[in-house]
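Participant: Sharing the features that TrEMBL gives for it:
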type	residues	note
COMPBIAS	861-870	compositional bias 'Basic and acidic residues'
COMPBIAS	871-884	compositional bias 'Basic residues'
DOMAIN	53-235	domain 'Aminoacyl-tRNA synthetase class Ia'
DOMAIN	393-554	domain 'Aminoacyl-tRNA synthetase class Ia'
DOMAIN	588-618	domain 'Aminoacyl-tRNA synthetase class Ia'
DOMAIN	728-786	domain 'Methionyl/Valyl/Leucyl/Isoleucyl-tRNA synthetase anticodon-binding'
REGION	861-891	region 'Disordered'
Amino acid sequence: MRWPVLLRRCAVIERRRHLCTASSDAVISRELTSEMKLQIEERWHNKLGDSRFDPAATDKPKRYVLAMFPYPSGNLHMGHVRVYTISDAMARFYRLNGANVLHPMGWDAFGLPAENAAIQRRIPADTWTHRNIAEMRKQLEMLAFSFDWEREFATCDPSYYHWTQQLFLMLFKDGLAYQREAQVNWDPIDQTVLADEQVDDNGCSWRSGAKVEKKVLRQWFIKTTRFAKPLLEGLSDPSLEDWKDIIKLQRHWIGECEGYAFELPLADKAKRASISIWTREPSDLRNALFIALHPSNLLNTSKRIDCVLELECENPFTGRRLPVIVTENVPFAEGCDTFIATDNEENRKIAQAVGLKMTDLNGNDEGNALSNDEILAKALSTNLGGHAVSSKLRDWLISRQRFWGTPIPIIHCPSCGPVAVPEQDLPVRLPTDSVGVPLAQNAEWLRAECPSCKRTDCHRESDTMDTFVDSSWYFLRFADPHNRKAMFDRSAAHHLMPVDLYVGGKEHAVLHLYYARFVAHYLHSKGLLPASEPFKRLLVQGMVMGRSYRVVSNGKYIPAAEAEIVDEKNNKAIERATGEPVTLLWEKMSKSKLNGVDPLEVLRQHGCDTLRLILLADVAPTSHRNWSEATFPGILNWQKRIWMTMYDFREIRSKLVSGEGPPLTEEYKQHEHQLWDARNYFTAGATFNYRHSHQLSVGISKMQGLTNAIRRVPPEVIAFSRQYELALAAQIVMLAPMAPHFATELWQQFLSAPNRATQDTENDTAIRWNGDVFDQRWPEIDQDFPLDLTFKINGAECCILKIPAKRFNLLTHQESLDIALKQEPILKLIGKRPLRTSEFTLYPSCEAFLAVELDRALSSDGAEVKDKKEKKEKKEKKHKKKKSLQVVHIG
């Protein structure tokens with residue numbers, strides 16, 4: 001058959017035909033419709049590859065991909081869909097690269113929202129929570145996220161909070177969990193303590209909106225300050241990737257550890273209390289004169305100023321007692337309401353001014369001159385402090401006063417004080433038939449026997465733990481979720497930790513990450529974890545923003561249907577009913593702002609693959625995503641182009657006559673080379689944006705570029721070219737992590753096309769012809785394809801060296817420098833300026849950068865270099881600069 005005949009026949013191909021692969025009675029059309037996409041997703045539902053982590057597959061590299069687990073509200077929102085779409089795309093990418101991937105899912109299930117909702121409905125909180133979990137799991141499954149559901153758990157399950165209680169007891173026995181009185185934020189509506197971060201700028205509760213009150217309560221704390229310096233130093237760990245401004249936030253939270261914290265017990269043992277002090281110099285304890293309290297300190301019960309309290313505290317480092325005064329006339333450190341006064345003239349005047357007698361002052365104790373190191377060692381060994389910390393950092397207050405939380409496993413005995421519940425008696429279970437009754441009001445549940453002295457008039461601790469405790473270690477339980485003997489198996493944790501990629505919102509940048517890091521540091525110190533930092537790489541995704549309409553005069557939000565846009569460019573509109581001016585805003589989606597979008601509605605209209613692609617396209621995962629249907633056509637049209645490409649490929653291949661061969665013309669060879677070049681170029685770009693930058697939106701742009709290159713070739717190339725097969729296969733495989741159903745359907749059509757150009761399919765290393773799309777390997781760059789080594793001088797990109805992949809992937813810093821300094825264009829740019837430093841970054845099979853710093857005094861012709869010009873060059877966008885860069889091909 002000659003080409004004109006083939007072309008005419010292809011032009012009049014029937015619009016519908018039977019697909020003989022995945023479903024013999026499925027009708028395929030060249031025009032992709034929403035109905036067809038939904039049919040495709042129904043056909044391939046639950047047939048998208050194995051998502052389970054295999055502990056026995058030790059020959060494969062492990063990848064632990066974790067998205068922050070959700071609170072089970074019962075309904076997915078766009079924020080949920082975005083974060084799990086990102087993590088799922090990365091998990092599927094790693095599997096296609098041969099990794100053994102753990103991508104688990106669980107539920108952060110305790111907390112006030114569930115408790116309050118259950119009270120309103122007069123049902124137990126666990127009934128309400130598990131009902132929501134079932135509903136949300138169904139929605140997640142509709143979106144085809146490849147979670148390892150065999151590892152699922154909820155923090156409200158006794159089999160989970162058993163080990164949260166075990167963690168508490170470990171901390172308690174090590175002196176890191178303790179109880180003391182503290183002034184706290186009290187929510188009078190929710191009847192519970194709030195952390196400072198849960199109180200807004202107006203002094204109202206983050207959840208109930210009530211005006212927060214100040215109360216003094218006896219509360220449980222975890223001594224996170226003990227690990228302040230390791231946690232601060234850990235932020236400089238070279239293994240941490242993409243933490244960016246999270247490091248700054250954590251550094252600010254922790255503060256500079258330029259001093260030491262100590263606990264000095266009160267001389268009156270009956271009070272079972274101590275005074276927390278902070279000082280830059282441990283020797284201040286040796287030379288202490290008195291302790292000063294700010295008037296707001298809780299020990300100043302009368303709230304008097306400039307007085308001597310009827311208190312003394314022990315100084316374990318001198319064996320003497322220190323008087324305690326109240327004053328504002330000492331330099332309290334930031335965040336401190338105590339001050340340790342050393343013996344000097346100024347402090348003696350302050351002491352006399354408040355009425356301290358000179359005979360009460362001890363002064364220097366030269367006879368017991370412990371060194372700083374000896375003071376710190378003694379404090380640490382006697383659990384009196386001695387750890388480096390900033391003055392502003394506080395221990396973690398974990399007490400909550402409601403029902404739906406992990407019970408604190410302590411029994412209070414009149415004789416023995418707080419006693420740990422024996423490990424064999426864990427978990428301390430919540431009452432199962434209670435509806436909204438705080439534990440403190442459940443007399444039967446409170447009644448207990450002392451594990452130590454066996455007194456029967458004891459009571460259980462009625463406070464529950466902050467839900468941040470549950471989430472401070474959940475990533476470790478995923479490593480070994482069914483273990484009934486321990487929190488997790490040590491060998492399993494050593495194999496899987498740290499988490500390779502942690503995906504979540506910036507709202508957890510400080511508290512959750514700080515607490516999780518603390519637990520990991522603590523468990524590492526116990527030998528249970530291989531490293532102290534739990535999360536290697538962070539991907540902090542931006543919020544999904546909805547368009548809101550707010551009436552200017554009264555601030556009222558109105559639905560979009562009630563607004564008329566009069567100036568799109570300047571975000572101006574009016575209320576249809578009144579003509580009042582309306583402001584258009586992009587804000588976080590919420591019910592109160594009437595700007596939410598139900599992901600299930602989009603799912604029903606376009607299918608889950610399209611929804612996933614829309615969320616990933618246009619903007620980087622780390623940026624906010626403005627949800628607008630105006631952005632849909634780009635993705636919808638791309639899917640249609642890919643679909644038409646596959647349709648045309650099958651039709652042209654099906655019309656070939658046996659024995660027909662490719663035309664051996666220069667034009668045909670040129671098209672094949674262009675396909676080869678495009679496949680390698682766009683594969684390198686997409687791979688970089690998946691693996692290294694996580695700019696998945698740019699990865700989509702690269703794949704769209706490959707689509708355009710594939711569609712440009714003439715029919716004879718489609719009919720016979722092996723390069724066309726390779727390019728089309730690469731296109732489908734790279735699409736699979738983002739649109740798994742669509743890619744699976746395309747792959748089955750690809751396999752079913754007759755008259756393959758590839759003859760030896762059994763030994764084909766590029767395409768596994770007997771497997772589905774998730775049995776494939778990620779496309780590799782051909783060894784002869786030239787990859788870019790970009791050369792920079794003082795931050796400005798100057799030259800690109802094209803180096804074949806087989807040599808490129810083996811480059812070292814020195815070799816890349818040697819190659820660069822042999823190139824005439826580079827030598828001309830450098831001139832006589834001496835090279836000061838150089839830095840080399842290699843992204844295998846993608847790209848590399850060689851940056852050198854030169855003396856800025858002279859240019860190549862001896863003239864002064866203009867800093868202003870260099871700064872301007874740095875600000876230019878990369879793709880614009882590369883157009884003017886010199887390119888040198890290296891053999």
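Don't overthink the numbers, they just go from 1 along the chain as shown.
The backbone N, Cα and C atoms fix where each Cβ goes, glycine too.
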Participant: Could you pull out which residues elsewhere in the chain have a CB under 8 Å from any CB of the domain 'Aminoacyl-tRNA synthetase class Ia' (588-618), counting only those six or more residues past its ends?
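Facilitator: Residues 34, 37-38, 40-41, 76-82, 85-86, 88-89, 139, 142-144, 543-549, 557-560, 625, 627, 631-632, 634-636, 638-639, 696-697, 700, 738-742.
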Participant: Report the DSSP secondary-structure composition of the domain 'Methionyl/Valyl/Leucyl/Isoleucyl-tRNA synthetase anticodon-binding' (728-786) as helix, strand and coil residue counts.
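Facilitator: Result for the domain 'Methionyl/Valyl/Leucyl/Isoleucyl-tRNA synthetase anticodon-binding' (728-786), in helix, strand, coil order: 24 helix, 1 strand, 34 coil.
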Participant: On the DSSP side of things, how many residues of the domain 'Aminoacyl-tRNA synthetase class Ia' (588-618) fall into helix, strand and coil, could you say?
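Facilitator: Across the domain 'Aminoacyl-tRNA synthetase class Ia' (588-618), the residues distribute as 17 helix, 1 strand, 13 coil.
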Participant: To what whole number does the mean pLDDT across the domain 'Aminoacyl-tRNA synthetase class Ia' (588-618) round?
Facilitator: 94
